[in-house]
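Here the structure comes first, spelled out in structure tokens, and everything after it is commentary.
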Amino acid sequence: GTGGAFQYGLQVSIINSPAEYIKSFIRETWLKRYGSSPSEEIITLMWSFIVSVYTIGGLLGSLSAGYLSVRFGRKKAMLFTNIPALLSATLMGLSRLCGSFEMIIAGRLFSGVCGGLALNIHLMYAGECAPRNLRGMIAITASTAIAIGKFVGFALGLREVLGVDALWPILMAANALPALVQLFTLPFFPDSPRYLLIDKKDKEGCI
């Protein structure tokens with residue numbers, strides 16, 4: 001769940017706190033580039049795109065989840081979700097340093113891809129690995145991870161933590177931490193028995 005549905009919950013909530021700081025950053029960047037202040041309509045348009053592009057990435061990730069989970073297996077597909085997660089964290093974390101609000105847009109797109117992949121594959125992987133008597137409880141971990149992700153996102157966005165003008169790029173890059181946790185722990189997990197038996201025809205491995 002840490003690298004699965006948690007990522008979705010985190011990215012949904014984390015964008016709320018630094019809204020005004022990102023708008024100010026867009027205004028400053030525009031002024032430096034073009035020598036004139038952008039209108040409020042342009043600021044609102046850019047901000048709306050930053051928020052909504054996450055759903056486009058989520059759609060792309062969701063559409064790819066089925067193919068990747070069959071082609072590479074549930075575990076490898078879950079590991080694959082770390083690539084867009086770390087890429088998005090890098091882009092958003094360095095956006096202010098590079099003076100580019102376009103990096104935030106690209107980062108949000110990649111974080112959406114990660115969320116779409118992670119949420120779908122998490123449910124598949126956890127459900128298929130769970131013993132029959134625990135399957136219902138294990139399936140609920142997706143909802144629990146989303147809720148925890150949202151809570152952590154709001155908590156990190158507090159002014160006492162990372163919700164200040166100087167630290168918002170670090171806040172936006174916070175999804176790198178669960179991705180790294182998953183990257184270092186998931187290789188020690190087994191693969192899905194259903195995948196091993198049906199897709200790989202590995203009966204011994206399944207047992």
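Every residue gets a Cβ built from N, Cα and C, even glycine.
Unlike curated entries, TrEMBL annotations are predicted automatically.
If you look up TrEMBL, you'll see 1-207 marked as domain 'Major facilitator superfamily (MFS) profile'. Looking only at the domain 'Major facilitator superfamily (MFS) profile' (1-207), the predicted model's pLDDT averages out at 93.
Sequence-distant neighbours of the transmembrane segment (42-65) (same chain, 6+ residues past either end, Cβ-Cβ under 8 Å): 8, 11-12, 15, 19, 22-23, 26-27, 30, 77, 81, 84, 101, 104-105, 108-121, 124. Feature annotation from TrEMBL assigns transmembrane segment to 42-65 (among others).
The transmembrane segment feature in TrEMBL is assigned to 77-97 (among others).
Positions annotated as transmembrane segment by TrEMBL: 103-125 (among others). Same-chain residues lying 6+ beyond the ends of the transmembrane segment (103-125) with a Cβ under 8 Å from its Cβ atoms: 1, 3-8, 11-12, 15, 22, 46, 49-51, 53-66, 68-69, 74-75, 77-78, 80-82, 84-85, 87-92, 94-95, 139, 141-142, 145-146, 172, 175, 179, 192.
For the transmembrane segment (137-158), same-chain residues at least 6 beyond its ends with a Cβ under 8 Å from one of its own Cβ atoms are 1-2, 4-14, 16-18, 119, 122-123, 126-127, 129-130, 171, 174. What TrEMBL records for 137-158 (among others) is transmembrane segment.
According to TrEMBL, the feature transmembrane segment maps to 170-189 (among others).
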